Amino acid sequence: MKSPRRTTLCCMIIVIYLSQATPNLSLESIVHPLILREHELAGKEPLRQKRAVASSRVVAEEYTVDVEISFENASFLEPIKTYLNSLSFPIQGNSTDQATTTILSIEVTTVCRPTGNEIWCSCETGYRWPQERCLHNLTCQEHDGFPAGHRCSCLKGLPPKGPFCQLQGADVTLRMSVRLNVGFQQDLKNSSSALYRSYKTDLETAFWKGYSILPGFKLVTVTGFRPGSVVVTYEVKTTTPSPELMRKANDQVMRNLNQTYKMDYNSFQVVTSNETKFTIVPEIIFEGDTVTLMCETEVLSSNVSWHHVERHSDIQNNSRFSVYTFVLNNMTSISRLTIYNITQGDAGEYICKLTLDIFEYESRKKMDVTPIRILATEEMKVTCDNNPVSLNCCSEINVNWSTVEWKQQGKINIPGNPETDTDSGCSRYTLKANGRQCPSSLGGMRVTYVCEFISEHGARGSKSIEVTFTSVANLTITRDPISVSEGQNFSIKCISDVSNYDEVYWNTSAGIKIYPKFYTTKRYADGAESVLTVNTVTREWNGTYHCIFRYKNSYSVATKDVTVYPLPLEPNIMVDPLEATIPCNGSHHFKCCIEENEDYKVTFQMDSLSFLAEKEANGKQVCYKYNFMASSVSWCPKKLNVFCHFTNAANNSVQSPSMKLNLVPGENIMCQDPIIGVGEPGKVIQKLCQFSSVPSSPGSPTGGIITYKCVGSQWKVKKNDCISAPINSLLQLAKALIKSPYQDAKLPTYLKDLSVSTGKVKHEVSSFPGSLGAIINILDLLSTVPTQVNSEMMTHVLSTVNTILSKPVLSTWKVVQQQQTNQSSQLLDSVERFSRALRPEDSTVLSINQTNVQMRSMVIKPGHPKAYKQSFVFSDSDLWGNVAIENCQLGNLQRDSSIVTVAFPTLKTILAQDVPGKNFANSLVMTTTVSHNITLPFSISMTFKNINPSGAVPRCVFWNFDLANHTGGWDSSGCYVNKVDEDSVSCICDHLTSFSILMSPDSPYPGSLLEILLDIISYIGLCFSILSLAACLVVEAVVWKSVTKNRTSYMRHICIVNIAASLLVADSWFIVAAAIHNHYHPLNKTACVAATFFIHFFYLSVFFWMLTLGLMLFYRLVFILHDASKSIQKTIAFSLGYGCPLVISVITVGATQPQEVYTRKNACWLNWEDTKALLAFVIPALIIVVVNMTIMIVVISKILRPSIGDKPSKQEKSSLFQINKSIGVLTPLLGLTWGFGLATVFQGSNAVFHIIFTLLNAFQGLFILLFGCLWDQKVQEALLKKFSLSRWSSQHSKSTSLGSSTPVFSMSSPISRRFNNLFGKTGTYNVSTPETTSSSLENTSSAYSLLN
């Protein structure tokens, strides 16, 4: 322990000792005491880099020497410190041959001063006592404010064994820069340039010499140059130096660098790292938290700034940011940044920067701000049944939340108990609701519950849960007991007093759900009801049924028992014979058989007679027999119907199919057989196959009917529709399955059995048309059952289809088609129904390949679906085809929709031809379906292999199930040929179903020469007709006043004008209809309906105005004593001309358009195939043609045979003749036009009819212009008067002279002579007015009603 009055100075001297031998230093005479610490290069801490020496044998060692200097007089302390600080380094020591010593720096580390009776030893700036000294020695409590165990700066007394104060902090990397006041050259940016290397070498040499005096110095490296003038950036690795020592080092750098570099001493800058402790509280930051960022450093300075990197701004004190900086115990600088109600915009990197002299102590830290995300079910439904229900809220990030609060808002108050699990970060709110809290009058009341999570630092996050409270449903079910027999019907009504439910279903007491098609459910404002309806009861319906209303996890159940008494269904009663012939003195056995052994009362009944039957059991089959004696009937011959009645225990009965009995004299019977029976020659009878000579096993009887004919004296098989026993058994099971309450559950097993059985009986299928028809009926029945079909079920279906479409069965198909033409259409429809119900389980793509059928399917997944492209190749049939739907089309489909395509190579030969011998399918039949309805326009493209016979042209068609009275047929609506190559035909259609291509050798098709010719004639001819009609209307307007001076002429020209106007509008609409539809674009349905309506209306108007013209003529010549005013005639004419066509057109469109069968599928004209709407035009037109022809004959006869006293004026006779002439010309022309038009509506019509019809339509307007307008002499005279007055004068004189001397209707008239010759008459008939008639053309007599 030093004397209390002695002052001690401890120094640290860094020396370099160069020696070729081991150094042997003795500093005893210099310092007292001396502590020498040698830091070897391989020691605990890497030493400073070795200096280069001249000889490789010379070893340069660096030492740090701690020296203690004691003074008796404390006044010596400051002068010595000043002296040591003024020394210039390095100091060269004595040199010998063996060693050289150089002093690099001397730093004062510790100063001990007497304080009272103690000596306090304190560390100089930048130094601290080691931690172990602070632990084992007494510290100066008044001086140090550090807790025990931390590094301290003052001890009571100097440790006897050292060490002294040591450098503060660990190794740091100083990022420094200095400016050279010289011009910047671009080579300084290139590290490989000579200038860069020269600068780097010179500067690093000066830096090494200058910064080597720093304690803990290890390395200095120039990192680059940047403009302004030249800024040198470099890094120094050392321990943290004091500012005074750093200034000394910078002085040494200035002295050791060539002055030509013009280094600016005041430009030195230092940025240190690893000096600041940067903390952020809390670690996980939520929006709304109050966050504290704190910087701590042992560098004493209050010059601290904060910077937000992302915002590029310094942080200042305001309402949300608070910066507070202070020095703790004169040892630590602390700066605290507080951010209140933090947001995500405050997230990012923050910089805390402390500045001291040339030193900048910088620390960075990135801060993330997370929004509070609370996970919870946003909507819940709770039934008020007093059962506990839990509302759960969980934070996405689990932290120690301060509190979790629950609140509720709503008209009713239903509290609960909150529980919070801090480990999981979840809170549960458990509540119970009973009927009193939410009565049925408030059923469906909504209450909002809010869970709010509050963090320890003030952040808040909440989530709302909307809870709908509903009362428990009270169910009322049909009260009357239900007891029925098989074959009857029943219904059960289940009524709920609550309208809110999630699901309603029925099941049995065994928990098996009833198939949904058997019940319907309706929801009302104050309740709901579900009705279970069974139209045909089977034994499976016997049992207990539960009506279940489910709301969330609450179930309301009502129960009803149903008792079903056994009773055979009428189709299951097999009778023999179906028809029998019995001699008047003979007898015959009748029997009725069923496949069950129940106790029934069975009687046979014929007319009013009733007989008890005799029971006979044969295995599972039970037959009831009766031997009928013909002698029991009082007269013969006679025809009788025989029935057997089955009565069960419930006294319900069922009647069998009838058995026809013919009583005949015995002498006419020629054919006799113990099984078939007897019959007369030519007699045809039917018999159930199981009662015929066809082999059948008792356990599995043969089904179907066989037909016999008596030929000579033997029964010959005329038609065999027998069904093999295995197939018949499956058919009966299928009929029972569709009546079963569990049909959807049974269907997969049944389809598997059908596939296996069909494969085993291939021979029977190819031998018995009845077996083939039975399988088709089975598939048709089963396709109505499923709502969903899986891949396994679809595989079994296609396996069955593959068997019945195999080539050995094709000959049997021909027999079936002859008997029932819609069997192939029925099969195709069944496959389409199964396809629409297909739902693949796992994969998005499903492929099934059989010899005679292939299937591809794809499920539309969310996102951007890829295009649907599938290929089919049948090597055995040498056929192939492709189908493609673009992804833009698939994007319009509902998600998880299934697209299914099935291709058939042999079905083309089975499907009925649209016109026998004319159009035939010769390619694949591909059917494409989508599981959900398509609401937007759709397009599908297909490619077929082209097997093109000579002279045939392809047509793209689809199978329309509605054609031919719903037996099906090929239709080209919505499809067109896109491209035809040598080996392929490409089609595009705007709908989905079964497609193929047809070859039509004689009908026009798009692009054919005939089609082009008809188009040219139609468009040019219609334009010509429209121009002619327009010219006719212009002529009538010009000559109107001149030609309408009397009532006859007036009404005649009214009719002509309206005929021309109606036909003009009709032809215009015809062009519009042609523009709406062509073979390359789909129909615009709305526009097509409008065009069809107006064409129909105005063409009818043409005919009705012609009828008006004819009736007017008939009226004026027959009813001569009756006179009607002009206004009445006009009213009748317009009512008939436009009223009748309007009524017919409106009724036609109103009756057919709701079913979308008003227009044709492929043209804008009245439908023919489905509704025969075309008759609404054809029938009126033909009737009018016939009526006008009749009127023309009557009028001509009337004119040629006038009544006594009839004497119309010359002008009126001319008008009447013009009317007659117009009707005689126009009626045949219009009749012939539409007569040829009728021939074109039938498929397969010859091209000649198409050409004639088109030509006549084209020139209709011309005929009206010529014969109805220009041929009229008065029109000619009026035109001549209008355009040539002088010429008109001469013609007028001649006309007047001729009119006075030779009346138009006199026998001397050329026209009159023609009519007389036509009818074989001679002589002269002069027509004149009576004496009482005025000569004025505007007056009428009392005897005649001639037109004015």
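Glycine is treated like the rest: Cβ placed from N, Cα and C.
Quick caveat, the model's predicted, so the values are computed rather than measured.
The signal peptide annotation in TrEMBL covers 1-21.
Among the features that TrEMBL reports, domain 'SEA' is placed at 166-275. Model confidence over the domain 'SEA' (166-275) stands at 87, taken as the mean pLDDT rounded to a whole number.
Annotation comment: TrEMBL describes 276-370 (among others) as domain 'Ig-like'.
Taken residue by residue, the domain 'Ig-like' (473-563) breaks down under DSSP into 6 helix, 54 strand, 31 coil. Annotation comment: TrEMBL describes 473-563 (among others) as domain 'Ig-like'.
According to TrEMBL, the feature domain 'G-protein coupled receptors family 2 profile 2' maps to 1014-1272.
Residues or ranges marked as transmembrane segment in TrEMBL: 1016-1043 (among others).
The transmembrane segment annotation in TrEMBL covers 1055-1077 (among others).
Look at TrEMBL and you will find 1097-1119 (among others) tagged as transmembrane segment.
Sequence-distant contacts of the transmembrane segment (1131-1153) (same chain, at least 6 residues past either end, Cβ-Cβ under 8 Å): 1051, 1054-1055, 1058, 1062, 1089, 1092-1093, 1096-1098, 1100-1101, 1104-1105, 1107-1108, 1111-1112, 1166-1167, 1171, 1173, 1176, 1180. Taken from TrEMBL, the feature transmembrane segment covers 1131-1153 (among others).
What TrEMBL records for 1173-1200 (among others) is transmembrane segment.
Among the features that TrEMBL reports, transmembrane segment is placed at 1221-1242 (among others).
As annotated by TrEMBL, transmembrane segment applies to 1248-1271 (among others).
Taken from TrEMBL, the feature region 'Disordered' covers 1328-1348.
Remote same-chain residues near the transmembrane segment (1055-1077) are listed as 1018-1019, 1022, 1025-1026, 1029-1030, 1032-1033, 1036, 1083-1084, 1087-1088, 1091-1092, 1094-1095, 1098-1099, 1101-1102, 1105-1106, 1108-1109, 1112, 1133, 1137, 1162-1165, 1222, 1226, 1260-1261, 1264-1265, 1268-1269 (criterion: CB distance under 8 Å, separation of at least six residues from the stretch ends). The residues of the domain 'Ig-like' (276-370), classed with DSSP into helix (H, G, I), strand (E, B) and coil, number 3 helix, 58 strand, 34 coil.
According to DSSP, the domain 'SEA' (166-275) comprises 42 helix, 36 strand, 32 coil.
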